[in-house]
Amino acid sequence: MPILLKKQVSEVSCYAITVLGILCLILFTILVVVTCKWYYAFPYFSKVCPDEWIGYNSKCYYFTINETNWNDSKKLCDVMDSSLIRFDNIETLNFVSRYGKGSYWIDINQNRKIPGINFSLYYEQGVNDICLLFDTSNIIEMSCIFHERTICVKEDRYTHWYTEYMR
């Protein structure tokens, strides 16, 4: 009888070890799958802005060298999934003053004010062919047909990804 008990214990141990091994394998597989999904849920951003764009304050800025009229400047930005720059805060104004050398077409926000610059707008953008031009630290009303440089702006890749997928 004692030999029979040893055989039963041996079979039970073998069965238990097999079940534990399979459970460990299943848990390990689940761990690998979850880790991979988590890892790939957060893309690797080697660059948050495209080549030739400058990153600042969660946005990317593109300063053109070629000059175009205001309408073509707006179209150029649209083609690059961006928009003509607007000065919605003093930080953006200071950034462009520091890096943008020359005159650039700008857009204006709906309340038609630019922080840090005191001036009055008596016109609507694009009406009567008058548009806004930023020159170092001044805003100038200018005919939209003149050719000037452009600054396009868009969210950086990380900010865009975060607002798309994490909220």
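Heads up, the Cβ atoms here are built off N, Cα and C, so glycines get one too.
The secondary structure of C77 (disulfide bond), as reduced to three states from DSSP, is helical. Sequence annotations record features per position, and here Swiss-Prot assigns disulfide bond to C77-C152 (among others) based on sequence analysis.
Other Cβ atoms within 10 Å of the Cβ of C131 (disulfide bond), summed over all protein chains shown, number 27. The annotation disulfide bond is assigned in Swiss-Prot to C131-C144 (among others).
Per Swiss-Prot, the feature domain 'C-type lectin' maps to 49-152. Across the domain 'C-type lectin' (49-152), DSSP classifies residues as 23 helix, 32 strand, 49 coil.
Other Cβ atoms within 10 Å of the Cβ of C144 (disulfide bond), summed over all protein chains shown, number 21.
Using a 10 Å radius centred on the Cβ of C77 (disulfide bond) and all shown protein chains, the other Cβ atoms total 22.
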